[in-house]
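Novice: Sending over a structure as structure tokens; questions will come in a sec.
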Amino acid sequence: MPGRRNKQQDPEPVIGRPHRGRGQGGARGRGRGGPATTAPAPGPPPATRAVVPPPAPAAAASAATPSVSSLALELEEKARIPDEPRLVQPLVRTHFPPRPGFGTAGRPVKIHANHFKVNFKLAGDVFHYDVMMAEGGRSFGNDGPPKTLANKIMAALMAELKRQFPDVHVVSDARKNIYAPRRLPFQNQEFGSLTLPEDGGRAREFSAVVKEADPVAIRMQQLDELFAGRLNYTPYDALQALDVALRHSASQRFTVVGRNLFSGNGAKSLGEGAELWFGYFQSLRATQNRLVVNLDLAATAFVEEMDVLDFLRQTLSLRDLPTSLAKYQHSAFSKAIRGVKVNITHRPGVRRSYRVNGLTKISAQDTYFENDEGQRVSIVQYFQKTYNLRLRYPKLPCLHVGAPQKKNYLPMEVCHIMAGQKCPRKVTDNQVANMIKFTCTPPDQRKRAIEQKFREAGFSSDPTLRAFGLDVEPRMVETTGRQLPPPTIEYSGGARESPRDGAWNMRGKRFNTPAQLKSWAVISLADARYCNQASIEKFFKAVMAQMGQLGMRCPPKLPPILLKQRREDSVRGMFQAAVKAANQTFKTPPQIIWMINPRMDAQAYGELKLMSDSEAGMGVLSQCMLSKHIPKCNPQYIANILMKVNTKLGGKNGVISGPLPRVSASRTIIFGADVTHPSPMDKTRPSIAAVTASMDANFIRHASAIRAQGHRVEQIMNLKDMVVELMKQFYRQARGKPDRIVFYRDGVSEGQFHMVLNYEVTAIREACQALEVGYLPPITFVIVQKRHNTRLFPNNPKDTDRSGNVKAGTVVDTGICHPIENDFYLMSHAGLQGTSRPTHYHVLLNEIGFTADELQTLTYKLCYTFARCTRSVSMVPSAYYSHLVAFRARFFLAEGSDTASTVSGFSEIAPETDTRMYDLHQTMKSEMYFV
């Protein structure tokens with residue numbers, strides 16, 4: 001999600017050395033010389049004109065004369081054709097490299113995007129005010145109160161401002177910022193007696209100090225300067241102010257979650273105590289079409305309103321309510337209920353609410369406390385005496401509610417879950433499957449639904465928008481994309497395959513570089529009654545036969561197969577036994593152990609990968625599969641799994657035929673990097689940074705490095721060491737240092753671009769210097785974004801694939817992109833179902849000097865090198881692999897890292913992050929164990 005700023009800050013300093021400006025007339029700029037001036041960017045390339053076929057001869061004289069209606073339709077169609085793209089030349093030195101020009105490669109296609117043009121006509125500035133909230137004279141501090149409370153206090157404050165200043169349209173972000181199109185008649189004013197609705201019989205009274213921000217006036221002229229190329233930063237303060245104004249009225253009618261607005265109408269049950277709410281995403285953006293509002297469909301899981309006992313039954317998938325909870329049920333439900341707000345039901349007329357911290361460790365009948373008379377009583381006794389309420393489930397644990405450090409306990413049966421709460425926990429696999437079923441919308445239906453949401457947003461009749469000089473056009477923006485040609489895939493013996501619609505078939509072909517398998521073994525956790533020795537042997541005979549067809553060499557002897565004999569047989573023990581058996585059978589240590597699982601079992605899978613890949617294990621590759629595939633012996637399934645196995649064993653399935661732009665001309669390393677985070681409710685587990693790097697001239701083989709770091713820290717803290725580690729591996733593989741570095745960084749929002757450029761690019765340069773003083777290879781650093789809300793809809797059915805999406809290879813760098821900076825949208829994969837999301841690439845550094853066509857073509861062709869399948873994928877594989885590596889590393893966290901689900905994990909002080917994690921086994925660091 002794009003970050004925001006409370007106020008515009010001075011432009012940040014440019015890092016290290018200046019941009020080399022290659023392709024833009026600038027000097028190389030290597031070293032630490034003074035700032036280089038940026039020469040004007042080249043003008044736009046000649047427009048690519050479509051070839052218009054000659055008209056067919058007229059059938060009759062009357063047909064040659066167009067009717068008035070046909071002329072009107074033709075004029076209307078011409079009016080809709082967007083203007084030719086205009087390359088804005090920056091007149092000042094920019095932080096990020098300007099667009100080097102528009103791409104011209106590929107066949108032009110007309111596309112609609114879910115952007116709606118916003119006309120801005122406010123004469124003057126918008127005024128910004130900071131809000132400090134307090135209760136009983138005690139300030140909440142700079143961070144303010146919790147979100148829900150801040151929203152309520154701000155609503156009361158806005159009502160008071162409207163009462164005192166009825167002629168001024170004041171809007172807020174519901175946290176701590178207020179904006180107005182006219183300056184308010186005070187610099188600093190306190191508003192007291194902001195009373196919230198009664199909660200539990202006692203009214204709460206708050207106050208708020210509204211103070212002019214510094215600066216108070218947000219210069220709206222910045223936007224015109226940006227579009228004219230006279231600004232070297234994106235004015236997020238101006239965009240934030242107008243974005244708040246755009247959503248102000250809708251936020252009064254809908255439930256707001258981030259930039260999404262939801263309604264409970266038409267909610268669908270997801271099971272296990274959750275339901276799916278539908279709404280829309282809305283965000284103001286600066287593009288080549290000037291200001292637009294990006295509007296998209298949104299859906300998310302909310303906690304279903306119900307009694308807590310019903311929630312218990314649904315969450316644990318129980319037919320009847322239990323009298324007590326088993327240990328695993330206690331753990332599961334404590335995680336499920338944590339963070340949920342509940343009302344009490346045992347006091348008529350009182351609707352007091354609490355947030356749940358978790359469950360007590362013991363039951364209600366065994367939980368004692370000292371009452372007002374100094375007597376030690378149990379929860380059961382207290383409710384019987386005080387409320388004449390006999391608890392029906394005294395052996396169930398209580399909810400720990402309210403302030404985490406206080407001992408406030410409530411029996412589950414007197415609590416009711418409040419409506420309108422977003423699920424605070426990660427949804428389950430079953431819930432995800434139901435979400436996909438309800439939200440999988442074909443592109444044409446999604447386009448119509450977005451247009452309907454636009455009407456529901458009510459932009460045309462919103463007085464707040466008029467007050468801020470905003471007017472939103474009702475039609476989606478139209479632009480021109482280009483259909484890039486796919487690469488050719490090369491297999492063994494020079495055999496080639498040309499993909500079509502992002503897919504191809506390697507039937508009859510051998511892997512480009514087949515691996516040799518010398519020693520292996522199989523362990524099975526499946527029930528031997530349904531997956532016996534004979535069926536497993538039959539399956540692996542088929543596997544060995546297909547290995548031969550694909551060019552892989554393997555021993556003629558079947559691998560040893562170990563079946564689970566007892567319930568207590570562990571994955572670790574069976575893995576060790578399999579390694580020993582393979583060694584005895586083939587007289588050499590095994591390269592890979594296959595494991596057959598009876599079902600999708602995250603725990604068994606995690607135990608396998610810990611034994612296989614981490615330093616806590618044995619450093620032997622592993623391959624997991626489900627037992628349901630054993631009796632089928634499906635050749636297609638076996639071929640798919642052998643693509644993974646061949647890659648893990650060091651082979652290459654297929655390679656791109658011919659050179660790739662810029663990177664094939666000299667020794668190049670391509671990095672991918674990502675950071676995965678625990679859920680916001682999980683306060684103790686670390687974030688995990690993963691970096692992968694290509695090790696060969698085909699950019700197929702990748703090595704990896706992992707590090708644990710602080711909770712939800714996006715910046716890669718140990719990037720220098722990770723790059724050094726991977727560059728050394730590259731040197732050993734390629735017998736030389738890379739001449740160029742291409743770095744694809746996943747998971748970074750717009751508000752973090754400066755952080756990444758200033759810190760992470762510097763870390764890469766320091767790594768190069770650590771390897772050799774004076775070693776300064778040129779770097780191109782590209783942000784990869786999948787979590788955005790731009791969708792592309794083809795105008796012509798001929799430009800769609802079978803799913804109705806734009807075809808694989810569609811690239812857009814005009815109309816909907818940044819007005820100055822170098823970014824593009826690329827649909828590199830073919831849609832299977834629903835509406836596909838293009839990947840957004842934003843260039844933060846381009847010292848290599850890629851042209852638009854070169855970088856777009858390179859990125860697209862690389863998407864055909866993903867090892868798992870014969871399909872192009874949605875993002876460049878180096879970044880995709882880094883995501884897989886980071887996810888795999890979750891299994892390597894040391895025991896004790898996951899303590900956030902227990903009540904004891906709560907504290908007023910933020911808990912310390914436990915970053916203990918097993919590193920990769922030394923033998924795995926150069927292997928593609930993660931595919």
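Backbone N, Cα and C define each Cβ position, glycine as well.
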Novice: If you check TrEMBL, which stretch out of 436-457, 480-501 is marked region 'Disordered'?
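Specialist: Range annotated as region 'Disordered' by TrEMBL: 480-501.
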Novice: Report the DSSP secondary-structure composition of the domain 'PAZ' (307-419) as helix, strand and coil residue counts.
Specialist: 34 helix, 33 strand, 46 coil
Novice: What mean pLDDT does the predicted model reach across the domain 'PAZ' (307-419)?
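Specialist: It averages 94.
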Novice: Using DSSP, tally how many residues of the region 'Disordered' (480-501) sit in helix, strand and coil.
Specialist: 3 helix, 9 strand, 10 coil
